[in-house]
Structures are given as C-alpha cells and as structure tokens.
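Feature annotations, courtesy of TrEMBL:
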DOMAIN    B:1-121  domain 'DNA polymerase III beta sliding clamp N-terminal'
DOMAIN    B:135-247  domain 'DNA polymerase III beta sliding clamp central'
DOMAIN    B:251-371  domain 'DNA polymerase III beta sliding clamp C-terminal'
There are 2 protein chains.
Amino acid sequence: MEFFINRSYFLNKITNVSHAISPNSPNPSYSGILIFLHPDMIHLTAQDSTMAIVTEIHPGELNQLRIESTGHMIVDAKYLIEIIRHMGGKNIHVMTVGDNMIQVSDENSKFNLFTLELERFALPDIKRPENEIKISLKNIRTTVDQIAYATSEKDARTMLMGVNFRSDGKRIITAATDSYRMALNYIDGEFSQNFNVTVPVRALQEAARIFKNDDDIIQIFVNKRKIQFVSDRTLIQSTLYDGTFPDIAAVIPKNFKSMMELDASMIIPVIERGILFKDDGVAELRMNLSEKGIQIYSGASTIGNADQQVYEVFYQGEELRMAVNGEYLLQAIKALKTLGKVRIDFTGVITPFKVSDPENKDMTMLVVPMRSSY
Amino acid sequence: MEFFINRSYFLNKITNVSHAISPNSPNPSYSGILIFLHPDMIHLTAQDSTMAIVTEIHPGELNQLRIESTGHMIVDAKYLIEIIRHMGGKNIHVMTVGDNMIQVSDENSKFNLFTLELERFALPDIKRPENEIKISLKNIRTTVDQIAYATSEKDARTMLMGVNFRSDGKRIITAATDSYRMALNYIDGEFSQNFNVTVPVRALQEAARIFKNDDDIIQIFVNKRKIQFVSDRTLIQSTLYDGTFPDIAAVIPKNFKSMMELDASMIIPVIERGILFKDDGVAELRMNLSEKGIQIYSGASTIGNADQQVYEVFYQGEELRMAVNGEYLLQAIKALKTLGKVRIDFTGVITPFKVSDPENKDMTMLVVPMRSSY
C-alpha cells in the first residue's frame, strides 16, 4: 500500500479514531489503527472490546489524498500519531516497506514503524442497527456536560454507569443517577419507534469531541445491544449497558414543603468554602433554612469548621434543618450552567429535593439529603 | 492575638512563606505557618529541615493591617490558604478563640481552625551570615531557567544536585553538572570577598518565584553552611551542599576539531522527532556530520526508527560520526533560549562538545557523547 496525504488532515483523522483504543488492552493489536486502502478511499478503524471508531477519507482538495496502491496494515496508534504530529512537512508519503514495516516520510526524514499482527485484529461488526434517531450535536454535548456527572463511577448495577436515553412518544428523556442524586433533561430529536437504551458515557464523550458543529444533526442507530453515532463519514459504535434503568421522570416529586431561589454565582463560592471541611472524604453541609436566610455549617473533626450565613435568598414555606453532601449539591447547581437564579424545591428533610433553573423547565436535578445525626 | 488585614495581601504572603514547607514532614508542626503578632508588625515563618522563609508585614495602605492584640500561634498552612483563597470579603478578621483555635472571618462567614503545637516548632536560626553578595533577580532567574537543568536529580555526590556559585575575583560563575553534561554562565554581581557555595535548586526557585521585579537587587548573605536571599522584607534561608564542586570553567575545551552553526528553531523539532525512539528509556541519536549536512538516525528495537537529513547547516572541520543522548542535546540547545543560531564545537567523537549561542559569550553548555557501538 502507498499513499500521499496532507499531514494535518491525516493527523486529525488518526487521532479521532485512536480514541477507541484502551490504554491497557490485553490484545496488542488493539493498540493499533487499521489503515485499509481501497482504490478510491482510505478506511481507518480502531477499537477496544466495547467501542469502535471508523472513518473514511475520500480524495479531496483539503486532504490532497493520492492513493498509489491498495492494501492494509495495522500500525501502533501512539507512535504513528506522535511521529506525524512532530513532522514538519505539509504533505506526507506513507508506504509499506517489506512485510512488517510502514514508512512515513517527508522531504528530509523517513520514519519506519513495525506493523502489528493483522490476524489478531478482529474487524468490528458495524452492521447498522434498525432503529434510527436524529439528535443535534448540541444536545449530545449538553448530555455530556450537564447530565453525565450524575452517573455512578462504579456500580454492580452497571446501567447506572451510563446515561439513559428513552422516548416518551414525543420527546427524548436523557437521565443519569448513582441513586444519591439524579439528573434529567428533555431534548428534541426525531425518531419513529420508541426506544430505551443506556449508553456508556465514553461513547457520548467521543461523539461530543469528534463531531464538529453544534448544529449538525447526528444520526443514531440503535438496537438492544449497540449504538452507532454517524456523521461526517465517521462512525462511533459502542455496546450498551444491560438492565432496566430506573424511570427517573416518574420519581420527580410534584409537591413541595418549601422552596428557595438564590443566585448561582453567590451560592457556589459558599458551598466551595463549606466543602473544604471533610470527614472521611465526605463534606456534610448542615443547613438551617428559613425566610431569614440560610446558615450553612460544616466541620472536620481534626481540622476545624465553617459557619456561613447567606441572606440574599428568597425562601418560602416551612423552616427546615437538614444535612446534604456538599459535593452533590455543588455539582447539581454547577451542572445547570447558569450564573443567574437557581431554584431549590424541598419535599422534607430526608426526601429528595429538586434543583433547577427557572429559565429552563426541561432540566431537573434531584439530590437525596444525608441521614445525619443533625 | 487579633488583627484585621486585606485578604488578598495576606493570602499572597502566607502562600509565599508556605513554599518552605515539605509536603511530607515527619513533624506535623512543620506543616504550619507561625503567625507572630508584634505591636507594630506581623512576622510569618514557615520551614522544613533545610529551608525557612520569613516575611514581615508592617501596617500600610496596601495591606490595611490593624493589630488589635499581640500573640502567636501556628496554623496548618494548607487549610489556612484554602480558606482565605475561597473567602469573598475584601478584608478579613483573624483572632484566637480559646486555647487551640484560630478564627478567620468576614461579614457572613466564620472559619475555625485548630492550631498546631507551638513547642514542636523550633524557631529557625536566621542569624545573618557575614559574607554579602548582591545579584539582580534577573540573574537568579536565568540561573534557574538556563543552568539548573544540568544538575543531577539524585547523586551520592550531593553537591551535584545544586548550582555552584563562585567568584573568580571579577565576576560570578554559576555552574551545574550531573557529570554527563554541564551548564555554565558568567553573571554580574557585587561582592567583597571570594566565595564558592553550592545552593539547592529549590532555594533558587523560591527566590525566583517570590521576589518580583527582574531589576530588583537581591541581597545574598552566605557562609560555609547556609545562604539567605533577602528582598522586600522577606528572607529565604537554605542550607548549602557540602563538598568540593568541580571547577567547570577550567574544563571547558579550547581547541576544537569541527564546528557547526544551525538555527535552533530548525534543529529542535528534528531532535524532538529523533527522541521518540528510545531503548531502555534512552534516545541515542547517531549523527553523521560533514560539510554536506548532518544525518541523524535513531531507533528503538521493537518500535521502529527515524532517519533524518538536515542540510541547512554551516559546518567546518573534520567529518565526524558520533552518538549522543538526544535528551541532553535537546535540553542544552533549549536552555540557550534562542530561536536564532546555535553553535556546536566538537573536540572529537567521545570527548565533550560545546553548545553555545554566538550572541552570548557568557553561557556555555557541554555535553559528553555516548560511548556507542556506532
């Protein structure tokens, strides 16, 4: 195989597909990128056991691709990327040398890399699942930036490590929870059949990173076992999590005992100071809430404590004394991505409270209070 | 003790002195800052077993210091800094609460921190050594940025872990070596007596970081055992390394077999590509040097190799075939901090070569070639 191509264009494409690679794969061939030259295009594939990314390069003005001879081989992604990143030329020349080497060269330099074993690289099955959904890239990015934080990092119920996408007939609900807090958002999209799938965060992050413009519509193909994100001649495929994801939309409380409204930009630093005091890694904030304002106390037994007053609060309803994991409260407020008002609705001192942006009815955060001696 | 002070001013001062603290001191009191209130000033002290930083705060317009009552205590540096960094008020109020607490407060928040045991904090002996030297801060920064790289990270000859400062009667020579490469610079300064001391890099880094303006003249006081850097009511004291530092100025070769001149901005990326290929962590660059240009080859047995040609070189003298540690060559060239010409003078294929900036006669880098099978 032999081809010429614009260096920075090719660097971008191999970097994109390389994100499918796990740093510690037991199969060394899975640390490589399959470069497959057809007469009229290059096919790049990288994968690990749960994910594959495939992209096509067709000759064009931007990439200056010229294919001299077809063929295929697998090259270690890390070294290939490092070498091409550091090269100086505008265009590069790539070709096989002997049975087990690839040469990348420009005018003044030649780099030879051993290739990896083709037999150990099982081509991923990228057959298209039957169910199609269309979502804007912006909505995928919102899911990554504002919903995925509430997933569980490690859980025997593996589906809690993913973000759930389901249709309610009209819209798409994205939801995440580790059972101590929940994040939920209604987004727009097109679909013809109802679906309910739980997607690994990593697949969403790669879609958010690799695809370009917020306004692009991403085609999503999905069945019970896998999901594909397709745009711009690139396909990101991931396995899905098994199991029944809790119906978070159904558990959002409707009746509240109290509510408060305050400025995100004012309360965030208060909480950040409060969570400096942790016992066993957990920052318990003890809050006294009333129409006179809120008092937030936190302490660490060997270090000290903090006692903070906030008066710039609109509060309505029953006075409450409750304890909350400060990190969870902070993440819920920050995930709203507003510097304006935040509204918190309380159902009681041990039942979940709702954190939301009055300007955005689609997104809801829930946090379960701590059962404290307080 | 009780005082009021401008928050960001105080934060800056406690952060500065806290740099004397080692993260893993066996003595917990050494993780603290001694805050000593005199009737007309605050004295802040932090230390570890080799270093102490002391600073004075006198009442002034900038700091808004108001001392209500004298006294002293030791407070954990990390928490004190974190709390004061996160506070919102312009001014803060600091006072003792009971026997073992300090309270830091502004209008809406109160933070209480347990204090550390005073008895375990031996006050550092900051008696002024007799020998005085004056050096501009700029020259100290140059020493940190361009000479210190050549020190040894770990060596039984501990003095190789420091930067040597010695007078030759007229000027000051700063030098560092790990015995595989050397860096040397002549700087200007005032001194009345000859001296020859080897200073821990960390003390120089703190002086370069804490003091402000390049043009400031730093007073240095030194004897056989310790060094003090004094400026702006702040004192940085460090122990010195024992032992006789090699006289690097005397070993700089005078007679050369060949020389070459090339652009730093051109050769740096060539070397960076070459050192991507390492065996056992060492990137051996094999160089063929002649008037026709230079060829640089490097290889890693399981990964591949690089073969690079550079024609934009002025070369004079004997043709040479030699091997060099690519990282050392790269660091020497980069430490010159020039994007213009670099000159390399060769004495042979196994004896040190000299790397220098033709525009700056004061600074010299030496690198010992590798004894390679090549």
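A Cβ is built for glycine as well, from the same backbone N, Cα and C atoms used for every other residue.
The DSSP breakdown of the domain 'DNA polymerase III beta sliding clamp N-terminal' (B:1-121) into helical (H, G, I), extended (E, B) and coil residues amounts to 29 helix, 54 strand, 38 coil. Note: the domain 'DNA polymerase III beta sliding clamp central' (B:135-247) comprises 28 helix, 46 strand, 39 coil (DSSP; helix = H, G, I, strand = E, B). Counting residue by residue with DSSP, the domain 'DNA polymerase III beta sliding clamp C-terminal' (B:251-371) contains 22 helix, 60 strand, 39 coil.
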